[in-house]
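For reference, the structure discussed in these notes is given below.
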Amino acid sequence: MNEMNTITIVGSINLDRTIRVEKMPKPGETMHTKEIFSSGGGKGANQAVAAKRSEAKTQFIGAIGQDDAGQVMFELLTQEGIDLTGVVTLENQATGQAYITVDSQGENSIMIHAGANNAFTPAHVRAHQQTIEQSDFLIAQFESTLASTIEAFTIARAADVVTILNPAPAFTKVPEALLKVTDMIVPNETETEILTGIKITDEASMQEAATVLHDWGIQAVIITVGSKGAFYSVDGRSGMVPAFKVEAVDTTAAGDTFIGSLSSVLKKDFSNLEEAIRYGNKASSLTVQRFGAQPSIPYKNELSEEI
Ligand code: RIB
């Protein structure tokens with residue numbers, strides 16, 4: 001039996017407000033919705049929930065505001081059993097919120113108010129240095145302060161903790177200070193193009209983009225390509241791991257589920273990367289068949305059948 005990984009996530013906590021519609025509204029259009037609900041979200045928190053539901057020891061560093069949304073999120077993540085010692089409540093900041101529209105094809109559009117996610121500082125990260133140092137993996141996204149992420153990755157690198165960057169939502173110029181302390185990067189097709197300037201059309205273009213990312217000093221690259229699966233490149237090995245074929249009703253948090261679940265089974269030397277991707281693909285194939293972010297993330301017992 002595998003030993004349980006210890007995973008720390010530095011990142012965002014959002015309360016998601018989801019509206020389900022038949023089709024996306026055009027500018028100026030008014031339409032009726034099919035359903036409206038609130039649930040746990042935020043890329044960081046979703047990844048933490050995925051890791052924890054796959055039974056990794058999971059710790060979180062981030063921030064909420066002093067409001068109802070913050071209280072709801074703190075309670076939800078506490079119920080998951082995630083260690084929230086590193087979550088600070090910031091006065092005069094709203095808890096992050098995401099307004100998500102999902103159409104009948106399962107596609108979504110998301111607007112985020114970052115609030116407290118964009119207000120926690122490197123000093124706050126330093127206060128939880130030991131939490132990071134005691135981890136196997138540290139994961140971050142681009143929904144919270146960049147300076148705090150760089151601080152966390154720098155602490156991790158010095159302590160031989162493997163760093164995983166999910167550059168979402170992407171921005172064009174990722175600082176060198178972050179790239180040089182990143183061990184693995186997990187962008188989707190769009191984020192890969194924004195980062196590298198290479199349009200992802202086929203496996204050759206993915207390999208080309210991966211080479212650029214390796215040249216920046218990143219050891220392992222996974223490019224997620226939705227219903228097609230994921231491309232990987234590490235230590236001279238590369239290839240596609242196909243996705244499980246399912247009917248998607250809501251793709252929200254599919255990528256987050258993939259990263260959190262994959263990290264729960266990944267070995268620090270990436271020797272089982274292909275197998276871990278398969279596990280992540282299985283997990284996200286369940287997520288897309290359910291509505292909402294955190295409510296849709298599967299538990300380990302749902303993933304234990306032969307994959
Ligand atoms: O990746 C999905 C997440 O993006 C949602 O839960 C929403 O909060 C946004 O952060």
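Each residue, glycine too, has its Cβ placed from N, Cα and C.
TrEMBL does not curate its annotations; it predicts them automatically.
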Can you match one of Asn188, Asn272, Asn301 to the ATP site that TrEMBL gives for Thr224, Val225, Gly226, Ser227, Lys228, Gly229, Gly255, Asp256, Asn281?
Asn188
From Glu143, Glu151, grab the residue that TrEMBL records in the same substrate site as Asn14, Leu15, Asp16, Gly42, Lys43, Gly44, Ala45, Asn46, Asp256.
Glu143
Of Asp16, Lys43, Ala45, Glu143, Asp250, Arg290, which binding-site residues are close to Asp256 (ATP binding site), meaning a Cα within 10 Å of its Cα?
Lys43, Ala45
Among Asn14, Asp16, Lys43, Gly229, Thr252, Asp256, the binding-site residues in the record, which have a C-beta under 6 A from ligand 1?
Asn14, Asp16, Lys43, Thr252, Asp256
Please list, in sequence order, every residue of the chain apart from Asn14, Leu15, Asp16, Gly42, Lys43, Gly44, Ala45, Asn46, Glu143, Asp256 whose Cβ lies within 8 Å of the Cβ centroid of the substrate site.
Gly11, Ser12, Ile13, Gly40, Gly41, Gly96, Ala98, Ala253, Ala293
Please report the Cα separation of Ser227 (ATP binding site) and Thr287 (K(+) binding site) in Å, rounded to an integer.
12
Distance between Asp16 (substrate binding site) and Gly292 (K(+) binding site) at the Cα atoms, whole Å?
8
Same chain, 6+ residues apart, C-beta under 8 Å of the C-beta of Ala45 (substrate binding site), given in sequence order:
Ile9, Gly11, Ser12, Ile13, Asn14, Phe60, Gly62, Met73, Leu77, Gln294
